[in-house]
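Peer 1: The structure that follows is given in the form of C-alpha cells.
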Amino acid sequence: MSSWTCTLSTSPLSLPLQQPSPSFTQNPPRKLPSTPSPTTTLISKKFEQEPTSETPSAAPWIDTLRSQVRLNCFKDAILTYIHMTAEGIRPDNFVFPAVLKAATGLLDLNLGKQIHGSVVKLGYDTLSSTVANSLIHFLGQCGGSVDDVYKVFDRITQRDQVSWNSLINALCKFEKWELALEAFRLMGLDGFEASSFTLVSVALACSNLPRTDGLRLGKQVHGYSLRIDDRKTFTNNALISMYAKLGRVDDSRAVFELFANRDIVSWNTIISSFSQNDQFKEALDNFSFMIQEEIKPDGFTISSVLPACSHLALLDVGKQIHCYVLKNDDLIGNSFVASALVDMYCNCQQVESGREVFDSSLKRSIGLWNAMLAGFTQNGFFKEALLLFTEMLEFSGISPNPTTMASVLPACVHCEAFTLKEVIHGYVIKLGFADEKYVQNALMDLYSRMGKINISKYIFDSMESKDIVSWNTLITGFVVCGYHEDALILLHEMQTPKINNDCENDVEFQLKPNSITLMTVLPGCASLVALTKGKEIHAYAIRNALAMDIAVGSALVDMYAKCGCLDIARRVFDSMTNKNVITWNVLIMAYGMHGKGEEALELFRMMVLEGKVKPNDVTFIAIFAGCSHSGMVDQGRQLFQKMKNTYATEPTADHYACVVDLLGRAGNLEEAYQLVNEMPSKYNKIGAWSSLLGACRIHRNVELGEISARNLFELEPHVASHYVLLSNIYSSAGIWEKANMVRRNMKKIGVRKEPGCSWIEFGDEVHKFVAGDASHPQSEQLYGFLETLSEKMKKEGYVPDTSCVLHNVNEEEKENLLCGHSEKLAIAFGILNTPPGMPIRVAKNLRVCNDCHEATKFISKIVKREIIVRDVRRFHHFRNGTCSCRDYW
C-alpha cells in the first residue's frame, strides 16, 4: 500500500465527482403534513398550553429523560416528554436531542415530525446545532427525504463537525453515495477536518460506487486517514470492508494485518470479506486464528464462516461449528445463524439435517424460510419446497419476498404434481415482483424449461438491466430447447459493450462470460460440432483462469469428445488437477461413443483404483454403452452382475435398457427379450423395449419387433420413433402393406417423424441441412455434386441400400431420395468448401442409415478425406473406405 499516491490537498477529496453539489442555501422550513398518532397529538396539545406563572425546574425531567434514552427505554422517554410539557415546561436544546433520539429508536417518522414542528416553532433548528444535528440523524434513520435533510442543514447558522457528519451519514442512509462524497469535499472546504465517524461513512460511499471510481476515491480516503493519523479500529474496519466490496481482498488483508487493536468487528469483517470473494480457505484460516486469539465468535462470525464450509464441502467442520452454536445460548435463537446452518447442510446434500435445524428454530425469519426453500429446490425436493411454501403462506404470517419467489419458481417448473405452471407468474405479478431481476431470471428459466423460449426471450428483452445471471439463464434456455445456434449468437451479443441503466451517468460496460456461461454454452458447441467456436471458448477459459474449474473442464472434455477430438479431450482430462464423477463419466462415455470399449473399461478401473471419486449410476450407463458399441458382451454382462454387490449400485431401469441394447446389438435377441421380462415390476420398461426394438431393426427380426412395438405403443403412443422403427423393420423385410399401415396410423393419431438434420461448421457459421431441403444457397450445386459422386462410387462397387426408403416407389426414385439425406448434403458442403485433405466433421440428430454409412465409406476413399460423423448414438470415423465402428453399430 506504500505505492498508493494520495492527491489530497486542502480538501479531503481533490477529485470531485460529476454529481452537482447541493445548494446549502437558506431555505424556508418545509411544512410537515402528516396524520399524527394519538401520542403525537397529545404531544402537540400539551405543548401548546401556556406555562403557569411558576415554572417548575426542568433539570429533574431532563435527567430522567436522558437516563431513559441511555437505557433504550424509548417509549418511557416519550411519556416523560409528554408529562413534562403537560407541566408547562418548555423543551430546550437539552430536551430535544434526547427525545429525538427516542423517536429514532422507535423508528416513528410521524412522531419525529411532530417533535420537528416543536423544534421549528421554538427556533432551535437555527439556534442550536446540536438539535439540528439530531434532527438530521433522525431523518436519515427513519426514512425522511433528502430535501428535508438539506432544509434542516441549510438553516443551521453555526455548523460544526457533527453537523457535517450527520449530513454525510444521512445521505449514505438514503444511498446517495455521490452526494455523500460531495458533502465530504465541501466539509473540507468549510474548514472542518474529518473524524473517524466521517471516514466510516465516506468509505461506505466509496464501496458502493462503480469499481473504478470507488477504488480511485477510496484510496484517497485511505490516504487522507493516514495523513491525519486516524488509527481508530472502526475506521480500519470500514476500510477493510470497502476494499472487499470493491474486489480488492488483498488490500483488505493488508489493512487488517497492519493494525493491532482488532476487535470482533475486525475479525468478522475480514472473514466476511474472504467469504464474499470466494476465498473460502482463507475465511476458515482466519476463523481459526480468531479462535486462537481467544476472540469469542458471535452470530455474524458464524454466518460468515459457514458458507465457506458449504463451498469447500467441509461437512465435518460445519458440524463442529453447529456444536459450538448449540453450546451458546445467545447463538441458538439467532435466525441468521440458523439460516446459515440450513444453507450449509443443504449445500452439503444433508437436507434432512437442514430441515431439523429449521424445525427446531423458534423464531423463523424470512431469511430462514428462504434458506430452507432454496435447500429443497437445489437438491431436487421440489414437492417438499412447494409444500413448505404453502405452509409459509398459511401459518407463518410472513409475506414472500423476491428471494422467496426465486427459489419457488424452479420448484414449480420441476414438480410434476404442479401442473398449472403459468399461474405462478400471475401470482408474482400480484405480489409486485415482476420487475425484480432475480424473479425475472427465474421466470425465464421456468418458461424455457416448459419449451416456451419465446416468452423467456420476451422477459429478457423487457428487463431494464441485465446481469450475468440474466444472460446465462437465457443462454441455458436456448440450449435446453435445442436452439444451439441461438445460444452461440447470444454469447456474442453478451460480450458487446452496453449502457448500464443502473448508473446515473450511463456508463458503458462489457459483460465477461464466467464459468457458468462457459459450461452452459459448450454443450451447444458439442451438439453443432462447432469445434472452432469451442476452441475459442477454451482459449478464453485459459486466459481468464477458468479452465481449471471442474465444471468448465468437464464441459471442455465433453465438447472435444463430441466434436470427434478424443485425443484433445483426454489431454484436457489429464491436465485437470481436480476431477469429480461428472468429469470421469464424460470421458468414459466419450470412449464408448467412439467405439473404444476397452479404453472405457480401463478408465473405469483407473477411477475405482484411484478411489477419490466413486462410480454412480451414470458411470455404469457409460460403461455399458461402451461395451455395447464395441461388441464386448461378456464384459458388459459380468459388470451388470457385479454392480450391486461389488460397487454398491442398485441397477435401475436405465441399466436394464443398456444391457438389453448390449445383448440385442450383438444378436442375442432372445436373451435380451428374456431380460426385459425379468425386470422388476416397479421399473418403467420403456427404455428396455426401445432398445429391443432398435436391435430388431438391425437384425430384421419382425416377430420380436412387433412384440416390442406393441408394448411401446401402449406406454408411449405419441412417440414417432417407435412407429418409424417398426415401419423400417417391415420395409426391410419387404412387407409393404404393414409398413404403409404403420404410416397411416401415424397420420391418424397425429404423430410426425422428426426430420433428419445435420450440421457442419464452416468459418464462423454453423450450416444446417434438412433431409430433402433445397433452401441452402448452394443446394443446386450440392445435389449436382452428389449425383456425380454417386456415379464414381458405383464404379468403385457401391450399391445403394434402398431398404432405408420407407416409400413404395421404384428403385430410381429411391436412389434420388437417398441423395437428399441430410448428412450427405453436409458432407458434400464440406468437400466443396474446405481445403483438400482437411477432416470433415458432421453431426446428425438421428441414427445414420445403412446407405449413408456405406456411401460415406466410399466417399472417404474417393476424396481422400477423413469424415467424422456423430449421430444420436455414436461416432463414425470414416477413413480410406473403412469405418471405425467396423460396421458394428
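The chain as shown is numbered from 1 upward.
Placed from the backbone N, Cα and C atoms, the Cβ positions cover glycine too.
A TrEMBL annotation is a machine prediction, not a hand-curated record.
Feature annotation from TrEMBL assigns domain 'DYW' to 797-889. Positions annotated as region 'Disordered' by TrEMBL: 1-41. Annotated repeat 'PPR' per TrEMBL: 160-194, 263-297, 365-400, 467-501, 580-614, in sequence order.
Provide an account of the burial state, proximal residues and distances for the features listed.
Peer 2: Confidence over the repeat 'PPR' (160-194), given as mean pLDDT on the 0 to 100 scale, stands at 91.
The helix, strand and coil residue counts that DSSP assigns across the repeat 'PPR' (263-297) are 26 helix, 0 strand, 9 coil.
If you look at the repeat 'PPR' (365-400), the same-chain residues 6 or more away from its ends with a CB under 8 A from one of its CBs are 335-336, 338-340, 342-343, 345-347, 349, 351, 354-355, 358, 407-408, 410-412, 414-415, 417-418, 431.
Tertiary proximity for the repeat 'PPR' (467-501) is limited to same-chain residues at least six positions away from its ends with a CB under 8 Å from its CB atoms, namely 437-438, 440-441, 444-445, 447-449, 451, 453, 456-457, 460, 507-514, 516-517, 520-521, 523-525, 527-528, 530, 533, 766, 768.
Secondary structure by DSSP for the repeat 'PPR' (580-614): 27 helix, 0 strand, 8 coil.
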